[in-house]
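Contents: one structure, followed by commentary.
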């Protein structure tokens with residue numbers, strides 16, 4: 001029951017899934033493609049400066065501006081999509097933001113030598129990426145049949161890394177092409193990804209939740225039935241409609257949800273919101289994105305015989321491979337233990353790579369012919385531990401903070417709490433991409449010690465403040481936080497009673513919010 005049983009339903013569910021994968025793929029692809037462009041000769045000649053020896057190069061400040069403007073756009077887009085999602089519907093909004101992303105890519109690809117045009121194009125593309133990063137999962141969660149939802153959450157991180165890997169492979173093949181084709185081809189291919197998403201969404205229905213919210217119940221029933229390949233009067237279809245109606249009622253009862261409610265004392269929401277934001281903050285400063293954004297530039301000084309493009313391709317493949325063990329660890333070890341183990345392993349990799357790079361690498365700009373065996377050995381050590389760092393991130397800190405964020409909040413405030421966590425991710429992604437090249441230009445491989453310090457902080461924060469939530473329902477998470485159990489004892493904690501249906505918790509939550517509202521009104525009248 002509930003699993004799509006005809007070709008139309010399977011096709012629709014498959015493209016809903018594909019839509020989310022493309023949106024995640026787009027962000028990962030851009031992250032990987034800009035890393036390779038930064039060290040392409042033609043790219044540097046057009047948008048960089050000329051050194052005293054006549055060789056064009058990109059200064060650390062220009063690298064940071066080119067890279068980080070996309071992240072600025074993602075922050076704005078992630079917020080702005082909230083206005084289009086309700087006004088125009090999920091489906092139409094995805095088309096709008098996909099078109100914005102595609103326009104931004106066209107602006108970048110058409111750039112000749114104007115740095116301002118390039119960074120403006122990246123900002124516009126960022127608007128689309130940010131809007132899609134929030135809209136497509138929302139559409140997927142409201143549209144995909146239950147049989148597919150779990151798998152879609154699992155492959156979230158895989159698609160980002162897959163985008164990085166594919167971009168690395170493409171640039172491995174184009175970086176030797178003379179002229180602007182070396183960077184226009186990998187950047188311009190993003191137009192194809194945007195057009196695929198735009199064209200495909202025309203064949204998909206509107207979100208049933210949006211239809212219910214705008215009073216079109218008959219259309220919503222038809223869409224749910226079609227997506228599941230079941231008759232409209234099937235119990236699974238009716239149950240799905242009831243769950244959506246409960247969710248809408250939970251948001252509407254007790255007044256409009258405010259952002260401040262995410263930080264209220266009720267059920268320790270303030271602590272849960274802060275935990276979600278902090279995990280996203282720590283995740284961005286693990287060090288892995290430094291390799292993805294600036295790895296090509298960074299590895300040029302490692303003195304290895306391997307091309308930086310080959311190294312980045314290896315890192316991309318390792319990142320994809322690293323996510324698959326997470327399918328086991330997240331449930332078998334739990335969220336908390338995965339974060340603790342991952343932080344320690346990544347910290348070891350960061351400190352070894354940082355110290356080896358600082359003490360063993362030759363100064364930046366040293367000719368390859370002048371490198372000593374010790375310099376080359378240092379480069380090999382740095383690259384080896386960078387690979388282990390990225391693999392460990394994929395297995396632990398890549399997907400786990402997102403899973404924790406998705407399962408930590410009551411239904412009423414869940415969209416806003418998750419939005420705050422996602423916003424924290426984008427903000428720190430921007431700060432990382434903006435400041436990393438400037439810091440690395442001053443201290444070189446020692447920048448990895450900053451990430452080492454953040455990973456130690458992440459281990460301490462997880463140990464002291466992050467409880468185990470594996471296997472708990474939303475109302476059991478409420479009880480966990482109310483119980484006051486110490487996070488380091490939370491693995492052994494058990495709920496006082498077995499909750500068997502989320503609808504009961506939704507009803508209880510609505511009553512609690514309404515009572516709080518009534519008490520507030522009574523006190524104000526008195």
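Cβ atoms are placed via backbone N, Cα and C, with glycine included.
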Annotated transmembrane segment segment (source TrEMBL; candidates 44-63, 64-83, 224-243):
64-83
Annotated stretch (transmembrane segment, per TrEMBL) among the listed ranges 13-35, 151-173:
151-173
Examine the ranges 281-305, 381-405 and name the one recorded by TrEMBL as transmembrane segment.
381-405
Long-range neighbours of the transmembrane segment (417-437), counting only residues six or more past its ends (CB under 8 A):
60-61, 63-65, 67-68, 70-72, 74-75, 78-79, 82, 130, 133-134, 259, 262, 269, 272-273, 276-281, 283-285, 289-290, 293-294, 297, 405-406, 408-409, 447
Hey, which bits of the same chain come close to the transmembrane segment (309-330), Cβ under 8 Å, at least six residues off its ends?
32, 35-36, 154, 157-158, 161-162, 164-169, 171-172, 175, 288, 291-292, 295-296, 299, 302, 338, 383, 386-387, 390-396, 398-400, 403, 470
Beyond the flanks of the transmembrane segment (339-361) by at least 6 residues, Cβ under 8 Å:
279, 286-288, 301-303, 333, 374-375, 377-379, 381-382, 385-386, 388-389, 392-393, 395-397, 400-401, 444-449, 451-452, 455-456, 458-459, 462-463, 466
